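Asker: A single structure is presented below for examination.
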Amino acid sequence: MPLAFQWPYRESRDGIWTPQTSTLNWCEEVWQAHYYWMESSWNDYNITPYCAEFINTATNFIFMYLGMMGIRDCLRYAHDRVFIVLYMGYMIVGLGSMAFHATLKYSMQLADELPMIYTTCIMAFVTFSYSRTKRESVLIGLALTGLAIFITVYYHMSQNPVFHQVAYASLTCATVFRGMYVMEAFLRPALRERCDTPAHADQILKQMWYMALTGIAYFLIGFFVWNMDNIFCGYLREARNTILLPWAMVLEGHGWWHIFTGIGAYYFIVWRVWLTQCLDGNEDQFMLQWPSALTSVPKVVPRPGYVPKANSNGHANGKARSKSRSTRKEL
């Protein structure tokens with residue numbers, strides 16, 4: 001039974017960015033000629049001659065929306081300024097991905113993939129330099145900068161996408177696992193000492209764990225869909241050619257990868273914001289606002305009656321972290 005409001009795909013054509021110079025292409029739009037992904041022909045510029053992969057480009061707008069929302073919250077609620085840099089890096093990843101999928105040029109491929117490494121290095125610096133001395137923080141920053149340069153040079157020379165994927169996954173896992181270790185080894189005992197009841201401390205940690213695990217779940221779902229998109233590309237293209245536009249757009253697996261990883265990465269940044277506020281001893285001034293895991297995204301906001309202010313040091317109320325409550329000295 002035909003669906004309402006169907007229209008067919010266009011025939012294959014060149015676009016304004018032709019020819020492709022990127023080392024990668026993705027399973028978007030209509031299936032052509034063969035059943036297996038490695039034998040199928042590409043049909044880029046199907047929706048518009050100005051965009052090689054329309055869905056893969058458009059789905060990156062989630063990075064713009066969530067990134068701007070994160071920056072707004074940092075400015076409004078006086079979170080540490082390093083998180084503004086993180087959200088800017090998050091948005092640059094989305095912009096680079098948009099440029100890559102729109103043009104399929106190698107230079108834009110690097111603009112997509114390398115900011116993923118750089119933004120994760122910033123997150124790693126926030127995580128590993130917290131509570132360190134100035135000298136230790138400088139050394140950590142230099143080490144991460146050197147690592148980012150090495151990954152950039154080696155990837156550009158080898159053009160091996162597996163190397164990039166392994167490097168990105170390794171950096172992300174190291175950063176997330178370090179944050180989880182800090183939560184249990186340092187924050188949990190500190191909260192139990194500071195909070196009125198152990199139940200209150202456990203509730204805060206439960207929120208953090210739930211947010212972190214939800215972020216991981218989004219990443220894993222996106223990774224699964226992306227791999228299914230690669231493995232069964234020919235069959236997916238055949239299905240799209242059957243149900244036609246606009247319904248076929250829901251079968252664009254790489255677009256779903258953008259959506260799921262965009263949400264997951266946003267969760268990890270908010271998780272780090274909340275973790276930092278609690279490590280600083282500010283759990284009585286701030287709280288995690290997250291009405292529903294399915295219909296809303298989390299954010300760290302002031303508790304009712306508390307008005308955050310910031311001066312040049314970027315700390316709430318224009319003063320440094322409370323030495324009596326902060327967990328900084330214990331890490």
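Backbone N, Cα and C atoms are what each Cβ position is placed from, and that goes for glycine too.
Annotations per TrEMBL:
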BINDING   Trp26, Glu28, Glu53  Ca(2+) binding site
BINDING   His101, His254, His258  Zn(2+) binding site
COMPBIAS  318-331  compositional bias 'Basic residues'
REGION    306-331  region 'Disordered'
TRANSMEM  47-70  transmembrane segment
TRANSMEM  82-102  transmembrane segment
TRANSMEM  114-131  transmembrane segment
TRANSMEM  138-155  transmembrane segment
TRANSMEM  167-187  transmembrane segment
TRANSMEM  208-226  transmembrane segment
TRANSMEM  255-275  transmembrane segment
Asker: Fewest other CB within 10 angstroms, which one of the binding-site residues His254, His258?
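Answerer: Across His254, His258, these binding-site residues, the one with fewest Cβ atoms within 10 Å is His254.
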Asker: Is the number of Cβ-Cβ pairs under 8 Å between the transmembrane segment (82-102) and the transmembrane segment (138-155) three or more, considering only pairs separated by 6 or more positions?
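Answerer: Not in contact, no.
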Asker: Given the transmembrane segment (138-155), which of the listed stretches 114-131, 167-187, 208-226, 255-275 has the most Cβ pairs that are under 8 Å apart from it?
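Answerer: The stretch I would name here is 114-131.
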Asker: Can you tell me which of 47-70, 114-131, 167-187, 255-275 gets the most C-beta pairs within less than 8 Å of the transmembrane segment (208-226)?
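Answerer: Ranked by Cβ pairs under 8 Å, first place goes to 255-275.
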Asker: Take a look at 114-131, 167-187, 255-275 and tell me which one has the most Cβ pairs under 8 Å to the transmembrane segment (47-70).
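Answerer: The stretch with the most close Cβ contacts to the transmembrane segment (47-70) is 255-275.
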Asker: Counting across all protein chains present, how many other Cβ atoms fall within 10 Å of the Cβ of His101 (Zn(2+) binding site)?
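Answerer: Its Cβ shell of radius 10 Å holds 29 other Cβ atoms.
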Asker: With H, G and I counted as helix, E and B as strand and the rest as coil, say where DSSP puts His254 (Zn(2+) binding site).
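Answerer: Reduced to three states, the DSSP call for His254 (Zn(2+) binding site) is helix.
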Asker: Where His258 (Zn(2+) binding site) and Glu53 (Ca(2+) binding site) are concerned, what is their Cα separation in Å, rounded?
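Answerer: His258 (Zn(2+) binding site) to Glu53 (Ca(2+) binding site), Cα-Cα distance: 13 Å.
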Asker: Applying the rule Cβ within 8 Å of the centroid of the Cβ atoms of His101, His254, His258, what extra residues of the same chain belong around the Zn(2+) site?
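Answerer: Apart from the listed residues, the neighbours are Trp26, Glu28, Glu53, Ile55, Asn56, Thr57, Thr59, Asn60, Ser97, Glu252, Gly255, Trp257.
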Asker: Sequence gap of 6 or more, C-beta under 8 Å: which same-chain residues meet both conditions with respect to Glu28 (Ca(2+) binding site)?
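Answerer: Long-range Cβ contacts: Asp44, Asn46, Glu53, Phe54, Ile55, Asn56, Glu252, His254, Gly255.
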Asker: Would you count the other C-beta atoms found within 10 angstroms of the C-beta of Trp26 (Ca(2+) binding site) for me?
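Answerer: Its Cβ shell of radius 10 Å holds 24 other Cβ atoms.
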Asker: If I take the alpha carbons of His101 (Zn(2+) binding site) and Trp26 (Ca(2+) binding site), what is the distance between them in whole Å?
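Answerer: So the Cα of Trp26 (Ca(2+) binding site) lies 9 Å away from that of His101 (Zn(2+) binding site).
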